[in-house]
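S.K.: Below you'll find the structure I mean.
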Amino acid sequence: MNSLLMITACLVLIGTVWAKDGYLVEKTGCKKTCYKLGENDFCNRECKWKHIGGSYGYCYGFGCYCEGLPDSTQTWPLPNKTCGKK
């Protein structure tokens, strides 16, 4: 039983370490904007959407910042795409 608990704890820890953090990005290449800095329901909801897959989100530097994102989620800055330019 103790071994099972240790294995489970290690898997949870590994998942946390391998998760990435970053700003949500719009199709334009800009950060997803927010205005209420700190704890922010909008950013938290956006980060936790199924297609985003984050564990927590808040407003930092007027952009939605997400923690615990899978590697497949794009974060700002996008390579070869400048905010607002084509």
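Using the three backbone atoms N, Cα and C, a Cβ is placed for every residue, glycine included.
These figures come from a predicted structure and were not determined experimentally.
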S.K.: Pick out which of Cys43, Cys47, Cys83 Swiss-Prot lists as the disulfide partner of Cys64.
M.R.: Cys43
S.K.: For Cys59, which disulfide partner does Swiss-Prot record out of Cys34, Cys47, Cys83?
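M.R.: Out of the candidates Cys34, Cys47, Cys83, the one Swiss-Prot links to Cys59 is Cys34.
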S.K.: Which of these, Cys10, Cys30, shares a disulfide with Cys83 in Swiss-Prot?
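M.R.: The record-listed partner cysteine is Cys30.
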S.K.: Considering the candidates Cys10, Cys47, which is the cysteine that Swiss-Prot reports in a disulfide bond with Cys66?
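M.R.: Disulfide partner per Swiss-Prot record: Cys47.
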S.K.: Using Cys59 (disulfide bond) as the reference point, find which of the disulfide-bonded residues Cys30, Cys43, Cys66 has the shortest Cα-to-Cα distance to it.
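M.R.: So, spelling it out, the nearest of the disulfide-bonded residues is Cys43.
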S.K.: In the domain 'LCN-type CS-alpha/beta' (20-84), how many residues does DSSP assign to helix, to strand and to coil?
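M.R.: Breakdown, helix to coil: 8 helix, 23 strand, 34 coil.
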S.K.: Just checking, which of Cys30, Cys59, Cys66, Cys83 (disulfide-bonded residues) has the fewest C-beta atoms within 10 Å of its C-beta?
M.R.: Cys83
S.K.: Should any of the disulfide-bonded residues Cys30, Cys47, Cys83 have a Cα within 10 Å of the Cα of Cys64 (disulfide bond), which are they?
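M.R.: Within 10 Å Cα-Cα: Cys47.
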S.K.: By a simple count, how many Cβ atoms lie within 10 Å of the Cβ of Cys43 (disulfide bond), its own Cβ left out?
M.R.: 26
